[in-house]
Amino acid sequence: MDTLHAHLEALFDDLELVIGWETGYEPLRPTPAFLRSREDLSRLVWNPLCAPNLSVYLPGILKDAKETGKKIGVCLKGCDSRSLGALVQEGFVERERLYVVGLPCPGTVDPEALAEARKSSAPVTHVSFRDGLLAITSRDGTEEIELERVLARRCRRCRHPNPLHADVILGDPVPPRRTEPSFSDVDAVEAMSLEERRAYWEEELSRCLRCYACRNACPLCVCRDRCLAESRTPKWTTQRDGVRDKFLFHMIHALHLAGRCTECGECERVCPVGIPVALFKEKMARIALELWDYQAGTDPAATPPLQTFDPSETGI
Amino acid sequence: MPKVVTNDNPYLPHMGTIREIIQETPNIKTFRIVLDDPEEMAAFRFEPGQVGQLSVFGVGESTFVINSPPTRREYLQFSVMKTGEVTRALHRLSEGDPIGVRAPLGNSFPVDELKGKDILFVGGGIGMAPLRTLLLTMADRREEFGDITVIYGARSPQDLCYRYEFDEWKAAGVNLILTVDREFPGWEERVGFVPTVLAEEAPSPFNRVAITCGPPIMIKFVLAGLKELGYEDDQILTTLERRMKCGIGLCGRCNIGDTYVCVDGPVFSNTQLRRMVSEL
Amino acid sequence: MEQAFFLADAELQEALAGLSAQADVWVPASDARKPGLVRFRRFQPGLTVRLDARSLVSAKEVLFPRSETLLRFTKEKDLSVPAGHRIHLDDARTVRPVVVFGCRPCDARGFLTFDPVFTKGPYRDPYYSERREKTTFVSLVCRDADAACFCSAVGSGPADPEGSDAQLIPVDGGYVLRPVTERGAALLEPIGRTAAPEQIREAQDVLDQVGRETVGEGSLTTLAEAFRARFQDPAFWHAHIDKCLSCGLCTFVCPTCYCFTITDEARGLNGERIRSWDACMFPHFTLEASGHNPRPSKVERYRNRVGHKFSYFPARYGQVACCGCGRCVRHCPVSVDIRAVVRDLPAQEEAHA
């Protein structure tokens, strides 16, 4: 933390602003922070509760930014940095306008798992993290909880805890939990019979509120205000509350991310009703890997496999 | 299980039939609609300025001012510019087709307060529709009002609505000033933007109320022009448009601050407009 | 507490089954595979009822379904009219009595925002009103406030009976049921036995103790003017809202957000006109056919959400449109905190005065 503050302090004159995290309404909820002055930097926090993937803001903020010649600083975890890579690949972000602070990530917390692991349910007053242990303080005292016990699903399958495409890496490299791609959660669903699988998704998706948090939190959902989920012309989905329309939306979402999803898991993290929507995208990522040996966002110079369309190509 | 059937459902349209369709301009059609139930039609009452929701079943509803005057009740008239999903569907309808009507909705022009006054209408394009209902009301009750001047403009002569009744307006003692944005062959009326013509004509604000409707940019300059001529805020009336769904003050999208255009409007004085939060 | 009943923990399922004979009974319940996922569900025997947990999503859908049919239209052949067909409209509907059992006071109070809008007019919404008239709320006195809760800051509190027809008060071995309204008394009569004096005493103590608790800081009920003064202060709104993702989560989990859309879902001339939840945070909500949008970015949209709850609604209906349940804060993907936004509305010098 001190290194992060000191590093950004020293650089701040050359930066328009820094996007990082600050303590939210309670220390368990760090929230994205747009730090525009040197004094603001003191609000910056970095720990395994810093879940939001800040790359989601980059296309918008670069579009709106004044041409001051100064760069925009952004703090990115390993998985966040892959999203940046994909945005650069697709031309939504000009890498040279950013100053990327890469933060090797020990993994992020699943709030529900943490709530279950805690003995106290009292509001939290302080959080610290050291040597794989979260120390959580409330009026009932301080509890120490192993991060490994309360890890988010996305982090259990993480191969990229160490950021790519960064200008600077602050902190010691973290050994990846996985060295090979893991699709065991997709396997588990695919092991179901067709009927079981249908029942499984019908039950999960029946809860969908169509709040579109999954879509809006996705750094690669670049259509933003023009999503066809809400389009009436052409009309793809109805406003009925049935599973059919919800399923269709989530399929469209997944297909639009085929060969583009960087597996940051934000879509699943933000779902208010706990639908494992990232599984759809993991399936797509697996296909991209098997078909083209391609992992989105790892090589900013690569062309995404589904964007190689060439009108002059013969045979299409 | 008890079954509740109520006739008191504000979402339930009256069924009507399109008696006549008039192609006003390349992208504006006027629909003359008669409610299917003769008793409903006979009992239908509204005030000038009130709006209705037209239903194309399977597509949806959209809001339009009833631009026929309450003094003429053989049909209800709506003019529709083709812009979105519902208006495109409306333009595909034919004479004799069924159509849903939820009306009247919203407030109206304060006709009684306008009695004895000189009136200035300033309209642009489709914005003449809400003015027409009041203009014809006044024409039908001509002796109750003073001078009536209309400044009406459009981009080109073929973009002027209600051309076929201009002579009728004039015969009723309306001082009609027409303008188009630029010269056109055969056009012998004024040329220039509406606010410019307003400044040239400079109708005196003494004992006069100005009523304006048109595209937002025109309204902006007309309001400035009227102020220049000495009109006070409460001497200026306009009608607002917002995206609407329910039309009855519930669905939450047509608000400008705490004002709901659907139930508090669409008619507002400039005094009211200035009190609103700035979110037009 | 004059009249009260006692319901033992072990009798809960039976009591709910009894109520279900006459009404749809909605209870907080957890999903089979996900114990942490508590939401309102229709009671059926064997459901894991979770009176101990707050529901993730509010009870709004009980009276205001995510999607409901306003009317059905059908094309009917009729050669006597020029078009050769008529459109038949049908708005018939059935209304079953509903009991919301074990919601928190904030959930019940949320409907006090709906009531003046949907039942009082200028137009009465028959769909909501008919259901509302047949709904009974039994709320549980709340001892589980978390860091996102702020009911006291909007004039309510964890033991607030307003909006509830009866209160459930946790006591040793079960609950004391205290009628608040006549409807509540009529509902409870058949399911509970009269509480013993010591149970009533214990319940009164709980009620007194919880009633003294303050959940959330300060008061957010008198900031209508401050909002107007802040309206055109882009720096203020940007500082609070740059991180907003402009999704509809806050509005969809909210017990008081009632904005909706109306769409036709049909094949040709046969189909339904439905009303479904919509959100002022979505760009298309106010997007006009011309392409003009009076609330074009998340700044104007979020400002409208805050304004609606804390300024516009108070101006029209004399109360804030917020029950302080904290769901928008708790579930926001990026922890936007409406309390902080509203609290910061007054200019700094006033805030410290």
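Glycine residues also receive a Cβ, built from the backbone N, Cα and C atoms like all the rest.
Automatic prediction, not curation, is the source of TrEMBL annotations.
Quick caveat, the model's predicted, so the values are computed rather than measured.
Per TrEMBL, [2Fe-2S] cluster binding site is recorded for B:CYS246, B:CYS251, B:CYS254, B:CYS262. TrEMBL lists B:11-111 with the feature domain 'FAD-binding FR-type'.
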Hey, for the [2Fe-2S] cluster site built from B:CYS246, B:CYS251, B:CYS254, B:CYS262, who else sits with CB inside 8 A of the CB center?
B:MET244, B:LYS245, B:GLY247, B:ILE248, B:GLY249, B:LEU250, B:GLY252, B:ARG253, B:TYR260, B:VAL261, B:VAL263
Under 8 Å Cβ to Cβ from B:CYS246 ([2Fe-2S] cluster binding site), same chain, six or more residues apart: give me those in sequence order, or none if nothing qualifies.
B:TYR11, B:CYS262
By a simple count, how many Cβ atoms lie within 10 Å of the Cβ of B:CYS251 ([2Fe-2S] cluster binding site), its own Cβ left out?
23
Taking the Cβ of B:CYS262 ([2Fe-2S] cluster binding site) as the centre, how many other Cβ atoms fall within a 10 Å radius?
26
What is the total of other Cβ atoms whose distance to the Cβ of B:CYS254 ([2Fe-2S] cluster binding site) is within 10 Å?
25
May I ask you to report the DSSP-based helix, strand or coil state of B:CYS262 ([2Fe-2S] cluster binding site)?
helix
For the domain 'FAD-binding FR-type' (B:11-111), give the DSSP counts of helix residues, strand residues and coil residues.
14 helix, 46 strand, 41 coil
Give the mean pLDDT for the domain 'FAD-binding FR-type' (B:11-111) on the 0 to 100 scale.
96
